[in-house]
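Notes for the one structure printed next.
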Amino acid sequence: MAKQGSKEKKGYPELKEVIKATCKIRVGPGKETLTEGNCLWALKTIDFIFEDLKTEPWTITKMYTVWDRLKGLTPEETSKREFASLQATLACIMCSQMGMKPETVQAAKGIISMKEGLHENKEAKGEKVEQLYPNLEKHREVYPIVNLQAGGRSWKAVESVVFQQLQTVAMQHGLVSEDFERQLAYYATTWTSKDILEVLAMMPGNRAQKELIQGKLNEEAERWVRQNPPGPNVLTVDQIMGVGQTNQQASQANMDQARQICLQWVITALRSVRHMSHRPGNPMLVKQKNTESYEDFIARLLEAIDAEPVTDPIKTYLKVTLSYTNASTDCQKQMDRTLGTRVQQATVEEKMQACRDVGSEGFKMQLLAQALRPQGKAGHKGVNQKCYNCGKPGHLARQCRQGIICHHCGKRGHMQKDCRQKKQQGKQQEGATCGAVRAPYVVTEAPPKIEIKVGTRWKKLLVDTGADKTIVTSHDMSGIPKGRIILQGIGGIIEGEKWEQVHLQYKDKMIKGTIVVLATSPVEVLGRDNMRELGIGLIMANLEEKKIPSTRVRLKEGCKGPHIAQWPLTQEKLEGLKEIVDRLEKEGKVGRAPPHWTCNTPIFCIKKKSGKWRMLIDFRELNKQTEDLAEAQLGLPHPGGLQRKKHVTILDIGDAYFTIPLYEPYRQYTCFTMLSPNNLGPCVRYYWKVLPQGWKLSPAVYQFTMQKILRGWIEEHPMIQFGIYMDDIYIGSDLGLEEHRGIVNELASYIAQYGFMLPEDKRQEGYPAKWLGFELHPEKWKFQKHTLPEITEGPITLNKLQKLVGDLVWRQSLIGKSIPNILKLMEGDRALQSERYIESIHVREWEACRQKLKEMEGNYYDEEKDIYGQLDWGNKAIEYIVFQEKGKPLWVNVVHSIKNLSQAQQIIKAAQKLTQEVIIRTGKIPWILLPGREEDWILELQMGNINWMPSFWSCYKGSVRWKKRNVIAELVPGPTYYTDGGKKNGRGSLGYIASTGEKFRIHEEGTNQQLELRAIEEACKQGPEKMNIVTDSRYAYEFMLRNWDEEVIRNPIQARIMELVHNKEKIGVHWVPGHKGIPQNEEIDRYISEIFLAKEGRGILQKRAEDAGYDLICPQEISIPAGQVKRIAIDLKINLKKDQWAMIGTKSSFANKGVFVQGGIIDSGYQGTIQVVIYNSNNKEVVIPQGRKFAQLILMPLIHEELEPWGETRKTERGEQGFGSTGMYWIENIPLAEEEHNKWHQDAVSLHLEFGIPRTAAEDIVQQCDVCQENKMPSTLRGSNKRGIDHWQVDYTHYEDKIILVWVETNSGLIYAERVKGETGQEFRVQTMKWYAMFAPKSLQSDNGPAFVAESTQLLMKYLGIEHTTGIPWNPQSQALVERTHQTLKNTLEKLIPMFNAFESALAGTLITLNIKRKGGLGTSPMDIFIFNKEQQRIQQQSKSKQEKIRFCYYRTRKRGHPGEWQGPTQVLWGGDGAIVVKDRGTDRYLVIANKDVKFIPPPKEIQKE
């Protein structure tokens, strides 16, 4: 009993798997399931109740016995609930024991109850059956076939309970599910064939699945007919399927085999359809996407259906049915609208015609046009219909005269079963390969057939290294059957029977392997799955130079080949090399070298991770002495240059190098030596017969050889897209699937003639296809490894960093992001094991690239569309994207910045690289989109800054990268950063102060605007995901809130800020006016305005407040000989304040040891590297270790006094006014003035005022200028008119054949001019918008020309708020100012035209001369006057608005509600909605007065005016 108890504690081992399956059954509708404790409780309770059964094993018989006994028990009222739980748990255990998988406890009880109903009341049932069938044998009781006592059989209908149970399982789990298959196999063992097929037909399920099941049954029937010729004792298909038989006839014993075969066929069909439904290419899973056209959907659907191994009627049914049911909702509605009730029976061509426009932008307009189009005449139906079989219009596929297509040879006119080529293959001679299993291209020179015992029979099998599986035509049924298996090869898809654990014997070696029984195979094949186990190998090396053209190679002139002795190798490596070389010799790849071949190249070997040895050859010396060949292939093909194809195939050439013979006269130079251990025998010398690995010409010889072999074949197939790189072949086409595979077949057969093998395990049919590191998909491409490894902060070796960067650079054509900080990290020590330190900035830069790689996908090239290349400003690099449609890039890339080149030059360099890439990959010249404006690029070209522009180019606005709008002008949760930047104390400074207490400041050169942006950039770098930024720069504030998508980004600081902000969650930007008493804003302004002590480097330590100086650190171990001085440069740059100087002193610990610092004074404002001069006063050498504190830096205040001369009253040096008192300082400016005049030809007054030279000297310069004397203006110009600020005149003028529109501001004389195409109103209105945008005028005067008086022009002037007047007709004085400007402009233009290449540039130079270089009598130019007037207007407007805000009033105060006397007048300090604030003069206090006690009065000035 003790032992039994211990066994019970351990549970029930024989029911371990049963209990495990039972624990998956749910208790109710929720997710709660039975537990192991529930099962053990039920089993132990049963053992306790029925002690007589306790020792019996838990079989299904024992469980049924317990179930019957439990039914006979009546529990007490208090135990009914536990008793019901016991019964339910037992029912679940019984179902698991029988292999059933009910989902819930209730379902398990129903199953047991149903099975119990089939067996309960046996006596009552027996009596009932005995009445119906008196001759029934009572001991054999099965339904619906019943055995009669007379020896015959009868039939009874399938019970409704069983039928309902099967219906329930089919609805819950599916018609082809394992549950339904298991239930049907259980019940149908005694059914007739007719019962099985009728019940299967009445089951609920997908109609397409039922058609596929019927097709599989038809295939089984055809296979039965082929394998079992008609005979006296052979069952026919009609007998197996129960056709033409009554129920009584089908129930007889002679039909038992037919019923079993029928059930087996049904089970096989269910399994085949189930496996088919889970495959990725299942047609029923091909559904139309929302963004996909109906034609593309049909192409994918037909491709999937054509690939299915089913009969043509089923394919036709699937095409008609799935083309409607799997279409999108829009297409279904369109088909319903167009085809009406016959939509389910319509052909695919009719549905494509109906849905041709669904999804396009003009869909609604086309529907409207169709509705308004008159009805066509009858009799024209089908004229535009297109046959999907031959591709010709005028008929449908089912009416095609070309007939059906053979799935074996790809030809039209016959079916596969009637194919002559297939029959001829069955009569091939020994050595031929199986065309159905392997492609017909593997035609080697008589591959051997060997005798293999398969099961109990000896067979001659063809040794085929290209076949994956072992194929036999018949089998003795030994082993374990594993059902049907689908074999896919280049020749098509076929189906066979798989058997495992089959006894195989070759000579004395016996194994248990796997075979495939394929009755239609013309030859039996031993595949790779069993060759290795049996120790069989086959090398088919083709070394016949008659077939493969040989490429001539030779040594350089005067070279005699390598003569390098073989170095010693260990015993282990010699054994590994011997094994490899022996194998190569057997395969015919190396041969024994004759004695007079004296050259030698060393060999060695390494052990791979798998434990096998790999042979390596040191060809460095031979490579040096060998003449080079031209490069056959200049680069790697790129998927962005591929065209989108319907079908693709990727092939790999096996043993590519070892198939091509080496040029025979050259072979003597490739000799190598196999050493003999301990010199126990002579060495063995070999030479290479084929292209060896590691030889520098192997790739070139291989590529030239393949070029010669494939040239003719490629020319014969212009309809395909063919690519080859080394041993990888790409084939793409838009042909039908059979035709495409036929071309692949043809290529394989063609190169097989030269001995090249195409292993099937490396062949890829269809998408996705892996090729050259890329992964090709139907509509896109990406990299095979579409992720980059993560990096973390901390040390990293240069070797590992280089590998990471290499992975990134390889994927740049999908990333397109620069990594300047990571690249900078690679600078310095070039030792591979040297360490670098990864910081947070590097991690962020790397993560940005990883995220971009996840998001990006490349597209294919369309030869009918133009190609565009768009360049953009990146982080210290130029980034560009190549595309044909927006948002669908072909590829992207990065060109890193080049020193000493401007931004424009760098962009042009990147554009050159982009153009070159596009031409190489597509053969087209791209249209280049440059950032900025066209005028800027034309000016850069004219000025000579750039010397090349693309053939086709234009400009664009906006940066396509920044789309995220997460900057708002509201407060967000998070810290606040107060930023400021600008020129402080003559130096650029920037920084921020955060609400968290964090501070940052730094010196940096730049303009005020740049420094303000840099301060924001630094705050964004350090700030969290949510933060606030406060700035007093209106420029920076408006930039942060600007719509960046429409901004021309030319500022690299702005681009970097955009990238930082793009990665934030949300940023609140706020503006405050500067110097207005806001505490935090004043604090940051003071903080960066201080001249602060700044350091760079790690050579100094922070000091305590009580320390005298800062400790300096020795950068490395320094050795100072006795009595000598050494200068030590430390890792420190320092920036002293202007009122400081510093001294480097000796530390007392060093002075005690006789080591002193010499000198060491640092002047105020010094910004360089610190050097320490050390003197060793000892008589022995002193060593200062690295990191030791060896000196100190002491800061001192700077005191400056002027030196007064003693007795000397005159100075000899130059003063502020020149040499002594001569005043001749202006003489040095005369050459500068002459040079300036030669550029701009300004007048004498301008030269006099700008360069400070005498008026007479300036006039001499003008008079000596030949250009100015030839183009002299008239001395008097008459005429005048109204003048005023912001009042302009406009008119057209002509210069040679060019028309110029001239504007002049009448107050300042500022001129604005543009070359126009004509004197039209449209042209004038366009120029008016440009003029208004730059100058904001108020009024304009013109003549009565048609362009000026047009109605549209008047409406535009009214819209812009410009007061427009016209002059007096035929009175030139009304336009005198602009007429005089015409003459001045043309006179100056004539002087400058020879200096410029383009007329527009000369016109711009003229405006510079007249507006900026021309000075008036007061020394001001027209531009100065115009700007001064604008500023005065602003100041007046501001003062006026301030004046309007100042108010005065009388007021009275109240005491206990009673008003006092009126006081005042006084100024209102603040005014609100219901009260004001004033200052009481008597008490000097601020009072709040309600509006009812206030009387406002006019300002004092207005009182005086009155």
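Cβ coordinates are placed from backbone N, Cα and C, and glycine is handled just like the others.
Positions annotated as zinc finger by Swiss-Prot, on the basis of sequence analysis: 385-402 (among others).
Per-residue pLDDT, averaged over the zinc finger (404-421), rounds to 61. Taken from Swiss-Prot, the feature zinc finger covers 404-421 (among others), and the record attributes it to sequence analysis.
Annotated domain 'Peptidase A2' per Swiss-Prot: 459-530, in sequence order. Here the domain 'Peptidase A2' (459-530) has, by DSSP, the following mix of helix, strand and coil residues: 3 helix, 43 strand, 26 coil.
Marked as active site, protease by Swiss-Prot: Asp464.
The domain 'Reverse transcriptase' feature in Swiss-Prot is assigned to 587-776.
According to Swiss-Prot, the feature Mg(2+) 1 binding site maps to Asp652, Asp727, Asp728, an assignment based on sequence analysis. Sequence-distant contacts of Asp728 (Mg(2+) 1 binding site), defined by Cβ-Cβ distance under 8 angstroms and a gap of at least six in the same chain, are Ile650, Leu651, Asp652, Ile653, Trp771, Leu772. In the three-state DSSP assignment, the secondary structure recorded for Asp728 (Mg(2+) 1 binding site) is strand.
The domain 'RNase H type-1' annotation in Swiss-Prot covers 971-1093 and is backed by sequence analysis.
Annotated zinc finger per Swiss-Prot: 1228-1269 (among others), in sequence order.
Look at Swiss-Prot and you will find 1270-1430 tagged as domain 'Integrase catalytic', backed by sequence analysis.
Annotation source Swiss-Prot lists Mg(2+) 3 binding site at Asp1291, Asp1343, Glu1379.
The feature DNA-binding region is assigned by Swiss-Prot to 1447-1499, with sequence analysis given as support. When the DNA-binding region (1447-1499) is classified with DSSP, helix, strand and coil residues number 3 helix, 31 strand, 19 coil.
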What is the number of residues in the zinc finger (1228-1269) that are helix, strand and coil, as DSSP sees it?
34 helix, 0 strand, 8 coil
How long is the line from the C-alpha of Glu1379 (Mg(2+) 3 binding site) to the C-alpha of Asp727 (Mg(2+) 1 binding site), rounded to the nearest angstrom?
78
Distance between Asp727 (Mg(2+) 1 binding site) and Asp1291 (Mg(2+) 3 binding site) at the Cα atoms, whole Å?
73
Determine the Cβ neighbour count for Asp652 (Mg(2+) 1 binding site): the number of other Cβ atoms within 10 Å of its Cβ.
18
DSSP three-state assignment (helix, strand or coil) for Glu1379 (Mg(2+) 3 binding site)
helix
DSSP puts the residues of the domain 'RNase H type-1' (971-1093) at 48 helix, 34 strand, 41 coil
DSSP three-state assignment for Asp652 (Mg(2+) 1 binding site)
strand
Compute the mean position of the Cβ atoms of Asp652, Asp727, Asp728, which form the recorded Mg(2+) 1 site, and then list in sequence order the other residues of that chain whose Cβ is within 8 Å of it.
Leu651, Ile653, Ala656, Tyr725, Met726, Ile729, Lys762
Taking every protein chain shown into account, which of the binding-site residues Asp1343, Glu1379 has the largest tally of Cβ atoms within 10 Å of its Cβ?
Asp1343
Binding-site residues (Asp727, Asp1291), the one with most neighbouring Cβ atoms at 10 Å:
Asp1291
